[in-house]
């Protein structure tokens with residue numbers, strides 16, 4: 001989903017001004033930090049003081065924290081939160097695909113929902129994806145398309161450098177608009193759901209922290225450059241999705257690239273969600289974890305669910321904002337800091353405890369503000 005959020009960064013700068021540039025850097029640092037403390041919760045020291053990986057998943061961390069209260073309560077909460085966020089992301093990709101197709105081919109007499117069905121047909125092979133290796137290859141292609149999109153936009157903006165002006169930045173801010181900017185900027189970095197699996201599959205897990213530092217550093221540089229050049233080019237005319245500002249011939253090209261990116265992005269959250277549900281069902285039914293028929297049924301059901309919700313859920317964008325404010329903030333800020341405090345309290349320094357508490361409070365405030373704004377939008381629509 002990062003590519004879609006990145007395209008909204010210039011619009012976020014429109015509503016946040018100079019503070020938006022600071023937020024892009026701050027969000028990178030915070031998300032990098034919560035990624036590190038989440039992975040730290042997977043490890044415990046043995047008698048010799050060596051760190052040993054005693055947990056494998058986000059679920060295991062949650063169960064360890066809630067062990068005294070209920071052995072499986074934490075895992076259930078985390079799994080439900082993860083699945084909701086992942087499935088909503090999959091649905092968003094279908095909705096976006098339909099929207100992009102309808103804008104790319106406006107003369108074809110087909111509705112946006114029909115375009116979503118056409119996009120869905122191309123995703124049917126996802127039911128046969130059984131390993132993360134296939135998903136990783138698709139994600140590599142997705143990253144390549146993402147860089148092409150960014151390169152096209154930045155290149156065009158550089159041709160307009162003669163009209164750039166720092167006077168376009170706003171000094172006064174509207175509170176609600178600023179909150180929207182905060183949401184867009186923060187959630188353009190979120191990846192905590194995938195980190196335990198990613199770290200566990202690295203050839204050298206000891207390099208994880210270094211990898212996280214460099215990826216967030218380069219992501220911060222790229223996003224700042226992209227948002228700044230685009231905003232300086234269009235100023236007050238900056239639209240919610242920056243590709244809508246491009247000339248028509250470039251807009252169609254970039255929209256088709258975005259469509260490709262959306263379709264290539266779909267398998268990762270889809271695979272992650274189905275693996276979580278598949279694992280839970282297998283444990284409950286005591287059946288073979290590698291039962292191919294059960295796996296096919298789970299994937300097929302989820303694939304159909306994403307289509308039905310994309311087709312028939314009214315005002316999906318507002319519902320996505322509401323669920324994202326709850327699940328996104330929880331998985332990115334609230335739970336990592338809470339789990340780290342719970343599992344490592346005796347070994348944390350005073351400054352580390354203050355850092356975790358501060359991140360938790362910040363995550364709670366972001367979540368609360370997002371919920372209020374989303375509910376207000378829903379009430380206005382249904383009112």
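Quick reminder: no glycine exception, Cβ is built from N, Cα and C everywhere.
Unlike curated entries, TrEMBL annotations are predicted automatically.
So that you can see what the record holds, here are the features copied from TrEMBL:
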DOMAIN    2-375  domain 'Amino acid transporter transmembrane'
TRANSMEM  20-43  transmembrane segment
TRANSMEM  76-95  transmembrane segment
TRANSMEM  115-132  transmembrane segment
TRANSMEM  144-166  transmembrane segment
TRANSMEM  178-198  transmembrane segment
TRANSMEM  210-233  transmembrane segment
TRANSMEM  253-281  transmembrane segment
TRANSMEM  293-312  transmembrane segment
TRANSMEM  318-339  transmembrane segment
TRANSMEM  359-379  transmembrane segment
* To do: Rank 76-95, 210-233, 293-312 by Cβ pairs under 8 Å to the transmembrane segment (115-132) and hand me the top one.
  => 293-312
* Structure fact -> Long-range CB partners for the transmembrane segment (293-312) (under 8 A, at least six residues beyond its ends), listed in sequence order, are 87, 90-91, 94-95, 98, 113, 116-117, 120, 123-124, 126-127, 129-130, 270, 273-274, 277-278, 281-282, 287
